[in-house]
């Protein structure tokens, strides 16, 4: 695997080249992570007294914190609602805009625009759709006689509304990866299939889809990470409400740290998120490494 | 034979158009909203353009909204640009150097370094945002551009992608360079850099978008109005408590926030898509 070590005699160079990255990663990734772990074992200082070591007590609190379980469940449903839909839409859009058609560049750009928009701006715009009185959705529905769905205020609907907006925002990003993969596929495959009279349907399922498998895995991992990483839209749309119905893990961390001023509890939840991500990373290194035989 | 199916063509075009409507319509709504005055929007967004388009943009860039703390967005656009460019360029430079070191050099603890770098793949900044904030505060880098940029550079994704790419560079090139008497830096400059052009372009686009669209990090690190980024500005415009939100101005800011990233994508579109094919492998 490492047959490329052309510059054996020049250890000094290698270390020097690695130094900037090493310093940055230690200061801004490892130190903070270690701090999080340590903090999660304490409870915060109170009236100037030093903080107290409590061992795993924060973790016990976490297990009996019903809000935490609700937030974790929300995050799971959020992942389940956004990931398969975004990926399917992304693949569909990529296939559509990969075909020969007039104004193809413009259409591609249009499909990509929601991704370019900052999450905060996108959420802002969607307020025009979701707002209960003046929102466009309710205006449209009132034409057919349905009235007063509270898209972001009804605990039964709010999470779905957030999911729809996220899918709108994210699908275009994944489309680009599929598009890139489709463009690197050999055109001879399609020609051969046409000669043999293969239908579009079986060409897709037997040739295109399997060949896109590495891309699908790559996109899947990224979508999983995004599902715990991105919470900007909650600041605008729901602030985690109503009654925590749309609260997600990272937003709950933020609330604990900056609204409830309980940084050590925030650290405890962070450790849980890191464990989830470690699980995703394991998936990445085991499944993604096995995909090589596709190429 | 397969190509001549009018029903199929009709179907795909219909789906394509539907997709266009769904993706573009919200942005159209924002554009329309940014052309009206505040009172018109209280009743909901009209579907046609109003007459306040240029007033609104001039106001939002130069003056900001009436809400307290909602400053003009002109300087915010500059802060965002500095941040996004800093992150994109900084991360590419640092990552390509460390990938070069990991792939082409052998030194003590090389494998330890390797794993230390790649373990950060599962530590996204957003997740460790709180302790990272404490580090920046200890280094008294709050309210500085460096504080905005540097922590977001510290992750291994780009290093990983460059490493994957360097592994596909044929060994013969290294041998040839060595026989011609080229040292490692020469080889890096004359062979690896030109080969990595499309990769760098694709990464630049993705990292620029990433940096430009950050919200949480700038929110924590900046308290000084002169350091706010445009994304924060939009949020502040609508967080006005009981006052009437000036949606027209907030939407103008949202449109303005979209233009630089759109420009970057359009300019680099061809290299971008080509580069992604390689980035992914």
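Glycine residues also receive a Cβ, built from the backbone N, Cα and C atoms like all the rest.
Range B:142-162 is the one annotated as transmembrane segment, of B:37-57, B:58-78, B:142-162 (source: TrEMBL). Per TrEMBL, the listed range annotated as transmembrane segment is B:112-130 (candidates: B:112-130, B:169-187). When Cβ-Cβ distances under 8 Å to the transmembrane segment (B:191-212) are tallied for each of B:7-31, B:112-130, B:247-268, the top count falls to B:247-268. Counting same-chain residues at least six beyond the ends of the transmembrane segment (B:247-268), those with a Cβ under 8 angstroms from any Cβ of the stretch are 27, 30-31, 33-38, 40-41, 52, 56-57, 59-61, 65, 73, 77, 80-81, 84, 201, 204-205, 208-209, 212-213, 230-231, 233-234, 237-238.
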